[in-house]
Amino acid sequence: MELVLKLISSFCAIVVVILLGWRIFNWVWLRPRKLEKYLRNQGFNGNSYRLFFGDVKEMIVMLKEAKSKPINLYDDIIPRIIPLNQKIITNYGKNSFLWLGPKPMVHIMNPDHIKDVLSKFYQFQKPRHNPLTKLLATGVADAEGDRWAKHRKLINPAFHLEKLKNMLPAIYLSSSEIVTKWEEMVSTKGQFELDVLPYLETLTSDVISRTAFGSSYEEGRKIFQLQREQAELIIQASQTIYLPGMRFLPTKRNKRMKEIAKEVKIALKSIINKRLKAMEAGERSSHDDLLGILLESNSKEIKQHGNTNFGLTVDEVIEECKLFFFAGQETTSNLLVWTMILLSQHQDWQKRAKEEVLRTFGNNKPDFDGLNHLKVVNMILLEVLRLYPPILSLDRTIYEEIKLGEISLPAGVILLLPIILLHYDQEIWGDDAKEFNPERFSEGVLKATKGRVTYFPFSWGPRICIGQNFAMLEAKMAMAMILQRFSFVLSPSYAHAPHAIITLQPQYGAHLILHSLI
């Protein structure tokens, strides 16, 4: 009997090993080869699949080489930031794919196809990449389907026009603190050289802390510092090939990331619970910031339906707060730094922007209506977002065979919508596509794009960035206050080195020389 049990046990073990081996073999070889054949039959081309890693090794080598030295000011930035994508498209055309490990990633560059993908968010969902990024933020940006619709509905009130007007004093205060520091630096000699990037990052982080948490501003700043450390650790981790389960290894970095996640959750939960108590006590001041507006919207939805399932849990509110930090700070600080760099290069546009700001406000405090009438500044910001979008691409995955125009796509492929390649496409924007020319937006985005989905720095469709108007308002306020007080040029020590780590940033900072106007 004992022998029979041993034989059965051994047989079961062999079956498990065979099944596991078959699944692995199918995952790393059979399925990729099947998908490759399918895509080639649909007119897509790319490198032949290479076992397990696909094109990842080549991508890492090319990125390392591209980032090893700066480029000239007027060089094409595409080979530096996405060298493999450029190589694939140069070799195989726009209908091409590359391999992210055993998964094919298909370039989608037809504006009609992009419109379809970004419109049908139930069919085309965000893929699950490195799970470490969830430590940074999830919230509405990570949600799908009905869950996304619920989160979006509850967050929308925080970004209505009237609510944005109420946030302008906080934006002004944070901007004022930075320009005052710069005035002190410049005052002795009339000019001063500095790296503006860390100051702009401080400005945008302070704006988020004030507008998201209001009276809990100092607590918000501490949370933001933890989130910045978390982002740096995740960036370090993302520079290596991720293997499933790596986040569970007891490394120093993994331990610290878990500690930060725990600290942030405890701190945010404390702020949220205080706000809930204040709301119950009928304190109006608790409704004035992003968190207060979100909690009020959440409370109304629950009361209306008489069911907590229609609202967000405290943990879900925490994730939305983390998203406020990450998306709100990164997007606007990058927009501001590239705006200052490009206006340093193009003094004619800096002069036009300065004249418009001084004509509108003089040396007075910028107001909401005036900011919305800054046509030249708006054109400049739109052009900066075209040339230096915060996010280089969007990706989506499909879980069943889908028709996209005349093309069929199999389940399991990742669709890559390369924002920056569309923004630099000469077939779309003309021969000057790689040049800084805000005039192209003189009649607005719709006219510039001829109504096609070829410009989407904040995404497009139902899932367009909920905070885009907030980001643009903040950028206009900051630039108006900077242009009122300073002119600026590139420092000889400035090294032009755009690189993408989560967002598109200047690798060596932004060294400018400020000159006082006052």
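Even glycines carry a Cβ here, placed using N, Cα and C.
According to DSSP, C465 (heme binding site) is assigned to coil rather than to any helix or strand. The heme binding site feature in Swiss-Prot is assigned to C465; the stated evidence is similarity to another entry.
Long-range Cβ contacts of the transmembrane segment (2-22) within its own chain (Cβ-Cβ under 8 Å, at least 6 residues beyond either end) are absent. The annotation transmembrane segment is assigned in Swiss-Prot to 2-22 on the grounds of sequence analysis.
Sequence-distant contacts of C465 (heme binding site), defined by Cβ-Cβ distance under 8 angstroms and a gap of at least six in the same chain, are A327, T331, F458, S459, A471.
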